[in-house]
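Engineer: Pasting in a structure now, in C-alpha cells, and then I'll have a few things to ask.
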C-alpha cells in the first residue's frame, strides 16, 4: 500500500493533511481551517469548463467566505494534460489566457498534484475513500480509457477536472459532485452546512 493510501486510511478528517500554496511558502495545514466549510476542487487552466468553474469558485468564495466557506483549488495535469504549466506559470495563465481578462482567484490555490494513482496527494486519496462516487452521477467514469495516465486505476478515481468535494465544519467529507455539476449549484448544500454553525471539532 502506498504512503498516500496509508495516510488516507488512518485519517478521520481532512485536518490530517496539508498542502503547499501555489505561491510558495510553508505547507498549509487543513487543521488551520477547523470549523470552516470547505469546497475542494481539482482544477485545470486549459479545460473546457475552466472559465465557468473558476469564476463560480470566485463567486462562492466572495459571497460565502465571510460566513465561513473556504474554497480550495488543486491544479492537476492528469486529465488531458490540461494543466501543463509549471506552478509558477499557472496564475499568469489564469490572468491572461483562461479565464483571462485580468482574472485572479480569490480562493486558496495549491501546488500541482496528482489526484489518482500511486502518486495521489494523500488528501485526495482520503476524499476518494470517504466519498467513492459523485452524488449526482454515481456511474461517473473517465469517458476515454486511453486518457488514463495513472496506475493503479480504482473505481473511486476522480474522473476529470473540476470534481468537487464538500467538507463539513468538522472536517468530514459530506458530498462529492461530478465535473458536470456546476460549482455555483453547490450553494444550497454549502448554505445548509453554514447554517449549522462552526463545529468544536
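Cβ atoms here come from the backbone N, Cα and C positions, even for glycine.
This is the feature table in Swiss-Prot:
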MOD_RES   32  phosphoserine
ACT_SITE  47  active site
SITE      47  site 'Subject to oxidation and hydroselenide loss to dehydroalanine'
MOD_RES   86  N6-acetyllysine
MOD_RES   86  N6-succinyllysine
MOD_RES   112  N6-succinyllysine
MOD_RES   112  N6-acetyllysine
MOD_RES   146  N6-acetyllysine
MOD_RES   146  N6-succinyllysine
MOD_RES   195  phosphoserine
MOD_RES   199  phosphoserine
Engineer: Do you see any of the recorded positions 32, 47, 112, 146, 195 whose C-alpha is within 10 Å of residue 86 (N6-acetyllysine), and which ones?
Structural biologist: 112
Engineer: May I ask which of the recorded positions 32, 47, 112, 195 is closest to residue 146 (N6-acetyllysine) if we compare their C-alpha atoms?
Structural biologist: 47
Engineer: When the Cα of residue 112 (N6-succinyllysine) is compared with the Cα of each of the recorded positions 32, 47, 195, which one is closest?
Structural biologist: 47
Engineer: Under a three-state reduction of DSSP output, how is residue 146 (N6-acetyllysine) classified: helix, strand, or coil?
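Structural biologist: Note: residue 146 (N6-acetyllysine) is helical by DSSP.
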Engineer: Taking the Cβ of residue 32 (phosphoserine) as the reference point, list residues of the same chain whose Cβ is under 8 angstroms away and which are at least six residues distant in sequence.
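Structural biologist: Counting only residues 6 or more apart in sequence, residue 32 (phosphoserine) has no Cβ neighbour under 8 Å.
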